[in-house]
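Here the structure comes first, spelled out in structure tokens, and everything after it is commentary.
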């Protein structure tokens, strides 16, 4: 039952235009076409870019493999893009896989033994590696060696294979789920942060050029403001706004055109969609601002509990519109203000409102 709820939550997330997860293989192909190829083309993440630039330059000067890199942060911020940039900047090949795909030690061994000197192996969702596969990875990361078993039963024996020096780039949205032994083997650990509207506007402008779409600065900024700090969402919204501009306007994406297109898509000024507003309005109007238990809230809006916890709540909490308390969910003063409602007269939200004044 729990697994079914998780699958339902993932399906709901994929359907939302403001979801940070890739919606389809077609969208993944679209992302690849817009992906920057070099570090100089990569917008945002200034600290991470600066660190990688120094570490890669030093490794190239010594003709060594770059130290192993762990990239973590919310989905859609550019972890896969950075892995490709690292390989291109280092002038080596990139092999890409993901944690769930590597089911057996032999799957990983086949990848490792086919790597050439200083190549990059990119493992997405590395937190989902199985324990038996992870055990094989430890000596590979430390000593560039793996132990494989040949034969079965009493005749089985362990054979040590030497590997070419390589760089593992691991990406995860859940760094806390990595085991300590695996985390400790990464020499470079970088957290990707949400983007500012100004940074996203630069990304939207760059993507518009690649799509041969005409956009003005105000139009790019309007899209950026509603993209929840995530380049993947910004590029997805840009595609839909471009369609609107070509059909309903003169093909030029102005602030007014972007606003009309995003209103048609039910994406409001802070990046909320219908589901976000439905959740907040239920707490505000049906439960007087809260607190309300998660099961009551799920019943009130007709969604699964996992959908609320995994898909809807994280962004609302992060942006300060919702709080989780021991007694249940509580709408904050920002939620009241967003919907043009007056200050609550009493209760836990009253204190939050007073704190914001």
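Just so it is clear, glycine is given a Cβ too, placed from its N, Cα and C backbone atoms.
What Swiss-Prot lists as region 'Large ATPase domain (RuvB-L)' is 4-195, and the listing cites sequence analysis.
In the three-state DSSP scheme, residue 76 (ATP binding site) falls into the coil class. The ATP binding site annotation in Swiss-Prot covers 34, 35, 76, 79, 80, 81, 142, 143, 144, 185, 195, 232.
Sequence-distant neighbours of residue 80 (ATP binding site) (same chain, six or more apart, CB under 8 Å from its CB) are 122, 124, 171, listed in sequence order. What Swiss-Prot lists as Mg(2+) binding site is 80, and the listing cites sequence analysis.
The region 'Small ATPAse domain (RuvB-S)' annotation in Swiss-Prot covers 196-266.
As annotated by Swiss-Prot, region 'Head domain (RuvB-H)' applies to 269-357, with the evidence given as sequence analysis.
Annotated DNA binding site per Swiss-Prot: 305, 324, 329, in sequence order. A 10 Å cutoff on Cβ-Cβ distances gives residue 329 (DNA binding site) a total of 25 other Cβ atoms nearby, all chains included. The DSSP secondary structure for residue 329 (DNA binding site) is strand.
For the region 'Head domain (RuvB-H)' (269-357), the mean pLDDT of the prediction comes to 81. Ranking the binding-site residues 34, 76, 142 by the distance of their Cα atoms from the Cα of residue 305 (DNA binding site) places 76 first. Under 8 Å, Cβ to Cβ, and six or more positions away along its own chain, residue 142 (ATP binding site) finds 185. All protein chains included, residue 144 (ATP binding site) registers 16 other Cβ atoms within 10 Å of its own Cβ. Secondary structure from DSSP puts residue 142 (ATP binding site) in a helix.
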